[in-house]
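**Student:** Dropping the structure in here first, questions after.
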Amino acid sequence: MQDDTSSEQNPTHCSAINSSVPLVQGALPTLTLSGKIRVTVTFFLFLVSTTLNASFLLKLQKWTQKKEKGKKLSRMKVLLKHLTLANLLETLIVMPLDGMWNITVQWYAGELLCKILSYLKLFSMYAPAFMMVVISLDRSMAITRPLPVQSNRKLEQSMTGLAWGLSSVLAGPQLYIFKMIHLENGPGQTEVFSQCVTHCSFPQWWHQAFYNFFTFICLFIIPLLIMLICNAKIIFTLTQVLQQDSNKLQLNQSKNNIPRARLRTLKMTVAFAASFIVCWTPYYVLGLWYWFDPGMLHRMSEPVNHFFFLFAFLNPCFDPLIYGYFSL
């Protein structure tokens, strides 16, 4: 979801972007009590997520060192490593940025960092969502269409590379649409407020609506649908297999039983999807509501607003707990 100072595009104001515009009607935003609570919770979750994800990366590194010479980590652990890196990136960029921005209320870092950090913020949100898609696809194919080990390795590398690449490309527009605006009391008077926003970056209001909706589809709807379809296929296939005669039970070269390790990773994949839904749904429901009814911010309690946004920060905290429990 993108920030903006107004729901309308004023041509006079738009011509003054990057210089200054008259102060809009109404009080400027300040750090309220609920805002302070949000900042406190944000930095607490930042410490939790950083500790958990960094610890899991360290554990994977030690696991790699214990491997016999010439042997590599399993495909699943490689995918978990990519997901952990993506979660760590989101933690180190999005959470401190959100916390500091809520403290300062306005933007003091200049236009260059406004663009760069806005790009990195969206990039670090795309990456973990796409990595969870890769894991869901990988587990689904491992159950329904098992391939030789070498083919699986190549497919895994292609999918993870595509996930990182798409994250980078889809976040690209942030470098263009985010700008600094400076508000002042009147012409020639002292500047009183600066902000990093998308104000006036779109010729028509529906252009911004389209961009926001496109981002919502790519960040939430598409990953969610893919994960749901993959998990449904996994559950359906396992149900069929478990209903067969135990003497004929065979899954991907395993005899007479489903390997426990594979069952663990399948349960983990389902848990990832559940975590994604629980953590991100409130965030995007609030975003969609705002896009169609900007006035809702004035009707909704500020603490409730902050609470919904904080839900999204739980996802990188839950993920290492999930894969730590199921994989090692």
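Cβ from N, Cα, C; glycine included.
Pulled from Swiss-Prot, these are the listed features:
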- 1-38: topological domain 'Extracellular' (TOPO_DOM)
- N18: N-linked glycosylation site (CARBOHYD)
- 39-59: transmembrane segment (TRANSMEM)
- 60-84: topological domain 'Cytoplasmic' (TOPO_DOM)
- 85-105: transmembrane segment (TRANSMEM)
- 106-115: topological domain 'Extracellular' (TOPO_DOM)
- C114-C196: disulfide bond (DISULFID)
- 116-136: transmembrane segment (TRANSMEM)
- 137-160: topological domain 'Cytoplasmic' (TOPO_DOM)
- 161-181: transmembrane segment (TRANSMEM)
- 182-208: topological domain 'Extracellular' (TOPO_DOM)
- 209-229: transmembrane segment (TRANSMEM)
- 230-271: topological domain 'Cytoplasmic' (TOPO_DOM)
- 272-292: transmembrane segment (TRANSMEM)
- 293-306: topological domain 'Extracellular' (TOPO_DOM)
- 307-327: transmembrane segment (TRANSMEM)
**Student:** Which residues of the chain, 6 or more past the ends of the transmembrane segment (307-327), have a CB below 8 A from one of its CBs?
**Tutor:** 38, 41-42, 45-46, 48-49, 52-53, 55-56, 59, 76-77, 80, 83-84, 87-88, 90-91, 94-95, 98, 128, 264-265, 267-268, 271-272, 275-276, 278-283, 285-286
**Student:** Is the topological domain 'Extracellular' (293-306) packed against any residues at least 6 beyond its ends, judged by a Cβ distance under 8 Å, and which are they?
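**Tutor:** The answer is 7, 32, 34-35, 37-38, 286.
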**Student:** Looking only at the topological domain 'Extracellular' (182-208), report the model's average pLDDT.
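**Tutor:** Computed over the topological domain 'Extracellular' (182-208), the mean pLDDT is 77 on the 0 to 100 scale.
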**Student:** Using a Cβ-Cβ cut-off of under 8 Å, list the residues of the same chain that are 6+ residues beyond the ends of the topological domain 'Extracellular' (106-115) and lie near it.
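**Tutor:** Result: 18, 29, 174-176, 178-180, 193-196.
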**Student:** For the topological domain 'Extracellular' (106-115), DSSP counts of helix, strand and coil?
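**Tutor:** Taking each residue of the topological domain 'Extracellular' (106-115) in turn, the totals are 6 helix, 0 strand, 4 coil.
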**Student:** Could you count the residues of the topological domain 'Extracellular' (293-306) that DSSP puts in helix, in strand and in coil?
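**Tutor:** So the counts come to 9 helix, 0 strand, 5 coil.
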**Student:** What stretch, picked from 39-59, 161-181, 209-229, 272-292, has the most CB pairs under 8 A with the transmembrane segment (85-105)?
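**Tutor:** Stretch with maximum Cβ contacts: 39-59.
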**Student:** Hey, which bits of the same chain come close to the transmembrane segment (272-292), Cβ under 8 Å, at least six residues off its ends?
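**Tutor:** Long-range Cβ neighbours of the transmembrane segment (272-292): 1, 129, 132, 135-136, 209, 212-213, 216, 219-220, 223-224, 227-228, 231, 305, 308-309, 311-312, 314-315, 318-319, 322-323.
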**Student:** At a 10 Å cut-off from the C-beta of C196 (disulfide bond), count the other C-beta atoms across all protein chains.
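**Tutor:** Cβ-Cβ neighbours of C196 (disulfide bond) within 10 Å number 22.
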**Student:** According to DSSP, folded down to helix, strand and coil, what is C196 (disulfide bond)?
**Tutor:** strand
